[in-house]
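For reference, the structure is listed below as structure tokens.
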Amino acid sequence: MAGEVFFVAEGGRVRDYSGGLTFSVAVTCLMAASCGLIFGYDIGVTGGVTQMESFLEKFFPEVLRGMKSARRDAYCKYDNQLLTAFTSSMYIAGMLASLVASVVTRRLGRKAVMLVGGTMFLAGSVINASAVNIAMLIIGRILLGFGVGFTAQAAPLYLAETSPTRWRGAFTTAYHFFLVAGTLAANVANYFTNRIPGWGWRVSLGLAAVPAAVIVAGALFVSDTPSSLVLRGDPDRARASLQRVRGGAGADVEAEFKDIAAAAEEARRSEEGAFRRLLRGKGYRHYLVMAVAIPTFFDLTGMVVVAVFSPVLFRTVGFESQKAVLGSVIVSLVSLAGVVVSTAAVDRCGRRVLFLAGGAAMLVFQVAVAWIMAEHLGKHGAVTMPRSYAVGVVVLMCLYTFSFSVSWGPLKWVVPSEIYPVEIRSAGQAVTMSVALTLSFTQTQVFISMLCAMKYAIFLFYAGWVLAMTVFIAAFLPETKGVPLEAMRSVWAGHWFWRRFVVLDAKQEVQMNRM
């Protein structure tokens, strides 16, 4: 039944916590979700800036010279490792920061990590906007990466722990909504600053300070999550925080608070060696597989590099600079529409349905893009393809992006944030983010070279991975819709494959046997 929330309780029956959708929880969760703005803005701004001639002339003049001699191969206009290092350096810094953020999150809380991350991103944006050499650009990118690593580690956990169970998918999806909104804002900024000769790129990079300032200001006015406060030994503040987000003094939060406290107590008994437990413990094998598989498959959809390099991709198929950026704006708008659909559907249809439907559609559109580029780009010495086919590539990329934004885009944040038990939650999220950012670093560093070497087959490469990940989800990911975080083990215990690895305590065993 739509909206029903399942929780394994004594007697094998199900119950629902009393908390509903309140103004307080909406404001608190939207503030945390806005951390996606800085990640999205960075994704959008770099692709636009790296094809601006004023930026290339100042820092990468050899790329401009290469563009003028690119008639030998239409796919190789932007193949420069130093230029891609400008983009990819943020991701490797984010990977390192996400590992550190796991420890900081556990000891200082989700709120503190979001505050630190926003401050680092703010500093990085100022340095990038004022850069006079490549070294300053890279230093600024590293600070941006630290900011993204910290906030991306903490914000999804904050959303999952604060939002009501029946709306958890929608609220966690909001992080991806803000990420796409940030990308759209960056593409719009690039569209207008691309017309400013000489220093337009500085405006685009400097505007990253705006979402960073919003996050820093917002983080000062929200409380930490009840789970984090209990875990750090402050049950009174935790109860007050839970009461506030569940509807004030009139809300009955006793049952939910008891479950949070019990989960935190279990986490304290397992406090030492969260990473070791995740990496080596048989009872945590399924969590480790998902911590690696979901971000790996997410990156191998190809959407990360498409989002970053869409202006470059559109210039490759024949659009001039301004129209290439406009194409990226259109793709971002379509992506935003897809996230809205996902937000409405994720807690009604479930996670698996969106994963499977989105994967099937993405596969079709990737193959179609590969076919058009194989048949019509770079033929007979031409540098571009006929305009009608170039428009067709834009349309197919929009459809591909919409499919991704309904499925893998937001669910990459939803599922990892909700599946881990509290004793490994920060460690699990750190592994998920470090894997994702490492792969993003690798792909952004090599994508232009791969496009140059593989040509249209790069899209067939990603299509093959989309097929593999769709089969994986169908076989190995259980449905988590409507299951409270504290009861998530029961979902894995009922799965045909993972149940052999799940370790339940005596009470949970009795509950499972009664179901």
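Numbering starts at 1 and runs along the chain as displayed.
Cβ atoms are placed via backbone N, Cα and C, with glycine included.
Keep in mind that TrEMBL annotations are predicted by a computer and have not been checked by a curator.
For the domain 'Major facilitator superfamily (MFS) profile' (28-481), the model's average pLDDT works out to 84. Sequence annotations record features per position, and here TrEMBL assigns domain 'Major facilitator superfamily (MFS) profile' to 28-481.
Among the features that TrEMBL reports, transmembrane segment is placed at 21-41 (among others).
Annotation source TrEMBL lists transmembrane segment at 82-105 (among others).
Feature annotation from TrEMBL assigns transmembrane segment to 112-132 (among others).
Look at TrEMBL and you will find 138-160 (among others) tagged as transmembrane segment.
Feature annotation from TrEMBL assigns transmembrane segment to 172-193 (among others). Counting only same-chain residues 6+ beyond the ends of the transmembrane segment (172-193), those with a CB under 8 A from a CB of the stretch are 29-30, 32-45, 48-49, 52, 155-156, 159-160, 163, 200-201, 203-204, 207-208, 211, 307, 311, 322, 325-326, 328-329, 332-333, 335-336, 339-340, 342-343, 346, 405, 409-414, 417-418.
Cβ atoms under 8 Å from those of the transmembrane segment (199-222) belong to residues 28, 31-32, 34-35, 37-38, 41-42, 45, 48-49, 52, 54-55, 111, 114-115, 117-119, 121-122, 124-126, 128-131, 140, 144, 147, 151, 182, 185-186, 189-190, 193 of the same chain, restricted to positions at least 6 beyond its ends. Taken from TrEMBL, the feature transmembrane segment covers 199-222 (among others).
Summarising the annotation, TrEMBL assigns transmembrane segment to 287-313 (among others).
Feature annotation from TrEMBL assigns transmembrane segment to 325-346 (among others).
Within its own chain, the transmembrane segment (353-374) is flanked in space by residues 301-302, 317, 342, 345-346, 385, 389, 392-393, 396-397, 399-400, 403-404, 406-408, 411, 455-460, 462-463, 466-467, 469-470, 473-474, 477, which lie at least six positions past its ends and keep a Cβ under 8 Å from the stretch. The transmembrane segment annotation in TrEMBL covers 353-374 (among others).
Positions annotated as transmembrane segment by TrEMBL: 389-409 (among others). Taking Cβ pairs closer than 8 Å, the transmembrane segment (389-409) reaches residues 176, 180, 297-298, 301, 303, 306, 310, 313-314, 317-319, 327, 330-331, 334-339, 341-342, 345, 354-355, 357-359, 361-362, 365-366, 368-369, 372-373, 375-376, 469 in its own chain, all 6 or more past its ends.
Summarising the annotation, TrEMBL assigns transmembrane segment to 456-477 (among others).
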